[in-house]
Amino acid sequence: MATIPRRAYAEMFGPTIGDRLRLADTELILEVEDDLTLRAGGYGEEVKFGGGKTIRDGMGQGQRVNGPGAADAVDCVITNALIVDHWGIVKADIGLRGNRIAAIGKAGNPDIQPGVDIVIGPGTEVIAAEGLIVTAGGIDSHIHWICPQQIDEALASGVTTMLGGGTGPATGTFATTCTPGPENIARMLQAADAFPMNLGFFGKGNASRPEALRQQVDAGAIALKLHEDWGTTPAAIDCCLSVAEQTDIQVAIHTDTLNESGFVEDTVAAFKGRTIHTFHTEGAGGGHAPDIMKVVGEANVLPSSTNPTRPYTVNTLDEHLDMLMVCHHLDAGIAEDLAFAESRIRRETIAAEDILHDLGAISMMSSDSQAMGRVGEVVIRTWQTAHKMKVQRGKLPGDTDRHDNARIKRYIAKYTINPALAHGMSHEVGSIEVGKWADLVFWKPAFFGVKPSLVLKGGFIALAAMGDPNASIPTPQPVHYRPMFGSFGGALARTSLTFLSQAALADDVGTRYGLHKRLAAVRGIRSVKKADMIHNGATPVMEIDAQTYSVRADGQLLTCEPAQVLPMAQRYFLF
């Protein structure tokens with residue numbers, strides 16, 4: 001039998017079982033757990049495109065026509081991809097049919113090859129992923145819709161779904177993620193047609209009677225946002241959650257920093273055990289001072305972080321005060337405004353936030369775009385936090401001296417499957433699984449989490465790192481992110497989703513508003529609990545000292561040092 005050295009094999013076909021890769025310049029090492037391309041019975045039946053390679057007529061490419069059946073040829077095949085997802089770290093071919101993932105396994109020509117479950121035919125396009133990591137598109141569930149250019153930045157970072165509220169650079173939007181009222185919701189849904197991004201909008205949830213809240217849900221809001229700047233009282237919380245229970249949408253909350261209408265215990269009591277998504281759960285982004293982080297221990301609370309406090313570094317505290325003053329329309333000349341801002345910034349709780357992420361007690365990551373957070377850094381900050389925790393805390397249960405697979409799965413779930421579950425869209429997006437929308441992000445391992453090579457939306461290339469369009473080949477400088485054909489014309493509307501409430505979809509608001517994008521309803525939200533947060537469902541007993549701000553989880557003091565240096569930073573950004 002012919003053999004090939006392991007390194008030569010990896011360079012030709014990508015890594016296989018037992019091979020290890022470093023993620024960017026972090027201390028995180030993955031190890032390939034399985035190789036689905038071996039379903040042919042072993043090595044030797046791999047497919048690869050190019051001169052002298054195997055995807056040629058009568059070889060790895062057969063004669064079958066494209067169609068909907070498993071025996072038909074797929075529209076596009078991604079060869080030899082290294083999939084990194086919450087469910088595993090595996091090598092596989094990926095077949096795309098229409099906008100969705102049709103199969104994950106072994107591609108080729110079943111007329112001459114064994115074990116083929118992805119058929120390559122004359123109508124099949126090829127994307128070569130040898131040596132590349134492929135992840136599900138990220139989901140950012142905390143967007144202030146302050147400017148549409150955020151979407152360009154987010155897409156270029158590997159985010160393919162953005163959820164939040166706002167109407168542009170309005171004062172209310174600067175501070176709160178709310179698109180208030182049916183008219184504003186309609187305008188934002190119409191604007192969404194222009195962007196190669198899955199979008200969903202939050203209505204304003206601050207009301208003590210349900211009529212105006214229900215009106216926003218009927219108009220298309222996929223969630224309601226409770227924000228202290230509008231008055232997050234126990235009455236408003238109870239009313240908002242009652243409407244959510246009736247309409248199967250999510251409620252996101254930014255609680256009462258000043259403790260004017262109650263303390264954290266009063267807010268938890270107002271939840272009445274109902275599911276809720278708590279934004280910036282550490283508290284620097286807002287929430288009961290100093291102990292909002294107690295909600296991490298509640299079974300019905302789905303906690304997330306925003307990225308300005310991720311991870312805790314020597315610069316974190318210094319940058320927060322000015323950010324906070326601007327975002328919440330505060331005046332540094334007013335003593336009460338300054339005290340309000342300073343009450344939210346606590347080194348002890350920010351340090352504990354790092355550890356709670358590593359324990360799987362904070363379930364999600366998001367940006368808080370242009371409202372103290374950076375829309376293009378959700379993915380980067382997630383992996384910087386994972387790196388810092390490995391360096392400071394060592395291995396997680398399930399990891400070994402060879403790999404950090406358990407930690408990698410925990411952290412990737414924070415911006416993929418868990419926000420999808422929390423917001424009722426995991427049937428469409430959030431992971432690389434058969435039947436789901438083909439939002440896929442391709443990374444060179446050295447650039448993982450920092451700069452993707454290619455972004456697919458709904459099975460079609462929407463963005464790529466592309467060289468000079470006038471060059472003789474695609475690679476000459478300057479290489480930068482450029483929109484591809486999936487970002488234009490009718491292809492855009494066919495390859496991206498707009499999420500609506502079930503009530504709005506049933507009422508056919510798409511026709512009434514004149515929408516062109518594919519529409520999908522959120523569902524199954526009210527039954528989601530903390531235990532459903534994949535790899536991130538821990539509910540420790542939380543204690544926070546009101547005087548010292550020290551944080552304990554299950555009696556253990558949570559503290560760590562700020563990072564002096566981080567990976568995935570200046571080495572990658574010269575300009």
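Using N, Cα and C of the backbone, Cβ positions are placed for all residues, glycine too.
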From the candidates LYS204, LYS225, LYS294, give the one listed by Swiss-Prot for the same Ni(2+) 2 site as HIS254, HIS280.
LYS225
Can you tell which of ASP368, ASP399, ASP401, ASP404 Swiss-Prot lists as binding Ni(2+) 1 with HIS142, HIS144, LYS225?
ASP368
Within 8 Å of the Cβ centre of LYS225, HIS254, HIS280, which other residues of the chain have their Cβ, at the recorded Ni(2+) 2 site?
HIS142, THR176, THR177, LEU226, HIS227, ALA252, ILE253, THR255, THR278, PHE279, GLY285, GLY286, GLY287
Between LYS225 (N6-carboxylysine) and HIS254 (Ni(2+) 2 binding site), what C-alpha distance do you get in Å?
8
Return the residues near HIS280 (Ni(2+) 2 binding site), defined as same-chain residues 6+ apart in sequence whose C-beta is under 8 angstroms from its C-beta, sorted by sequence, else 'none'.
HIS142, HIS254, GLY286, GLY287, SER304, SER305, THR306, THR309, ASP368
Taking LYS225, HIS254 as the recorded positions to compare, which has the smallest set of other Cβ atoms within 10 Å?
HIS254
Limited to the domain 'Urease' (137-575), I'd like the whole-number average of pLDDT.
96
